[in-house]
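Structure, as structure tokens:
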Amino acid sequence: MITLYNTLTRQKEPFEPLEPGKVKMYVCGPTVYNYIHIGNARPAINYDVVRRYFEYKGYDVNYVSNFTDVDDKLIKRSKELNESVPEIADRYIQAFYEDTGALNVKKATSNPRVMNHMDDIIEFIKDLVDKGYAYESGGDVYFRTRKFEGYGKLSHQSIDDLKVGARIESGEQKEDALDFTLWKKAKPGEISWDSPFGKGRPGWHIECSVMAYNELGETIDIHAGGSDLQFPHHENEIAQSEAHNHAPFANYWMHNGFINIDNEKMSKSLGNFVLVHDIIKEVDPDVLRFFMISVHYRSPINYNMELVESAKSGLERIRNSYQAIEEREAIATDIEDQSEYIEQIDQLLAQFEKVMDDDFNTANAITTWYDLAKLANKYVLENTTSKKVIERFKEVFQIFSDVLGIPLKGKQQDELLDEDIEALIEERNEARKNKDFARADEIRDQLKAQNIILEDTAQGVRFKRG
């Protein structure tokens, strides 16, 4: 059974869907005013793996992820570029598909856009006003936060805690500093829509509530996003949605950890804002994805090139092992006396499912994949190989690949390049120096499986191709 950590209850819980065999999942998507940065890429990749694992377990997943195409950032960008907001949004939505496609993120079942739901948003706000949960003031519409009794339950804060530091900004006409905006009065020169409250545009929080409601219904199974969205965005979504629907908004809340750049928070002011569009010109997108899932989704992750290179090395180990298995397939026989390998492969598959069942622990899943690669390296050194064993290796390698979204072959994977071999030899030398003989032997076996022979000489270790 799959268990996942629920931010709402602060504990791991068995997953019990609203409808047997189906998952309704909503993931907060990007504001499309620029190319996505790696902070946007992390949830896209992490929750893609969650979706893939649910599908592997037989679930039908309705995966919805929105585009915020009406926002202060878009309006600012529109003025800077002298382009319309829809033009900018269209361009960066296309860029999003290109970048996430390169990262092997499956397309969502639906990617709703705010502009396409404007009538729905206005009706939703009208309902909240009619029920007394919202009020008009000076052309804006605000949500009465205190009227919603459960406010703070996701971020585990009380109203009194939240009141400290709450301020009414200049120009706002709120009843209470804790109230938040549902509809913003139009400003000269800004994109706007007609509404019963006057010309304006929606606030950020109401957009996701409405799109989730229209796409997935009153209650959804899983709502996911970055940790930075937990408060106030997701907290406000709950308040709006449950006030409107009179039903729980989401049964499970998932939040992924932050990304730091060289141990510093990513920010434009620090000049370390890293766009996926730029990274994948230098780093293989498969390696970037492998790096992203090498850490549990709830943990923070530190991005630097040393760690990315380590991920590249790890992925190469797996791919080289799979390639070696494929190469032995042509000379495999029908022998039946190697069942112990089948048993070990199946044990590793069971281990993979066990760690993925435990809150989608991709870090441990990758460790299991390394173990499978290590077993494969050992097997290809056998004098004779079995078709059944080779086939089972290939099946399980493919399962791991499909679930984690990491292709077993690079886009141009041929034989190992000389510089790759030299890098492995250097890694082996370091392992031997550190008395990590198991890793040293593993590298030797990996190279041997690729018909690369190591020779110790007075000048150091050399290699030759067999």
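From the backbone N, Cα and C atoms, a Cβ is placed for every residue, glycine too.
Annotation source Swiss-Prot lists Zn(2+) binding site at CYS28, CYS208, HIS233, GLU237. Under the heading ATP binding site, Swiss-Prot lists LYS268. What Swiss-Prot lists as motif ''HIGH' region' is 30-40. For 265-269, the entry in Swiss-Prot reads motif ''KMSKS' region'.
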Cβ-centroid neighbourhood (8 Å) of the Zn(2+) site, CYS28, CYS208, HIS233, GLU237 excluded: TRP204, HIS205, GLU207, SER209, HIS223, GLY225, LEU229, HIS234, ASN236
Residue among binding-site residues CYS208, HIS233 with least C-beta crowding, 10 angstrom cut-off: HIS233
DSSP residue counts for the motif ''HIGH' region' (30-40), split into helix, strand and coil: 3 helix, 2 strand, 6 coil
